[in-house]
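S.K.: Okay, these came from TrEMBL:
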{"type": "BINDING", "residues": "97, 102, 107", "note": "oxalate binding site"}
{"type": "BINDING", "residues": "100, 102, 107, 146", "note": "Mn(2+) binding site"}
{"type": "DOMAIN", "residues": "55-199", "note": "domain 'Cupin type-1'"}
{"type": "SIGNAL", "residues": "1-26", "note": "signal peptide"}
């Protein structure tokens with residue numbers, strides 16, 4: 001009996017270890033070729049490895065609200081298997097990139113112009129925040145909740161973010177919590193407030 005119990009414990013420990021390893025190594029899978037060929041095109045040339053979707057940002061006026069223009073696998077299929085992607089981030093005066101996470105990659109942000117207040121929260125609920133100046137670089141660790149805010153009331157800020165995944169993913173915390181089918185009474189109890197307050201928050205995100 002003890003032998004069977006010990007065997008079960010060992011197997012459970014191995015299963016947990018494998019799960020933890022898979023979580024720790026989660027990200028883009030390794031490929032066994034130089035690059036991934038598109039299914040619809042047996043042959044490619046240099047055009048396949050060129051993305052021109054960011055040209056419209058050169059010399060463009062600031063947007064009315066925060067805008068992220070991505071060069072990820074969805075927009076640029078040649079990135080499939082290359083474990084890299086970009087986003088150009090534009091922050092009009094007073095705008096915010098709402099609290100969010102990237103489940104498959106860390107984010108390395110380079111502030112090209114303006115100033116930004118940035119921060120993330122680790123798994124112990126400790127806040128790490130900083131005010132960035134033009135030319136600064138800040139890293140948001142993989143999977144952690146973070147934000148960026150342009151507190152300047154007069155000037156736009158621009159940044160480039162690089163990701164260690166062709167599809168880093170973005171999960172908006174406000175949308176995930178308040179624009180889903182989670183019942184209002186569950187949200188009210190979770191946030192220790194009343195249902196009316198929850199409904200007002202939902203209406204504000206609509």
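Positions of Cβ are set from backbone N, Cα and C atoms, glycine also.
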S.K.: What whole-number Å value do you get for the CA-CA distance of residue 102 (oxalate binding site) and residue 146 (Mn(2+) binding site)?
M.R.: 9
S.K.: A 10 Å Cβ contact count, applied to the binding-site residues 100, 102: which residue has the minimum?
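M.R.: Comparing Cβ neighbour counts within 10 Å for the binding-site residues 100, 102 gives 100.
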S.K.: Other than 97, 102, 107 themselves, what residues in this chain have Cβ atoms within 8 Å of the centroid of the oxalate site's Cβ atoms?
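M.R.: Along the chain, the qualifying residues are 87, 100, 101, 109, 140, 146, 148, 161, 163, 168, 170.
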S.K.: Over the domain 'Cupin type-1' (55-199), what is the model's average pLDDT?
M.R.: 94
S.K.: In the domain 'Cupin type-1' (55-199), how many residues does DSSP call helix, how many strand, and how many coil?
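M.R.: Its residues divide into 24 helix, 55 strand, 66 coil.
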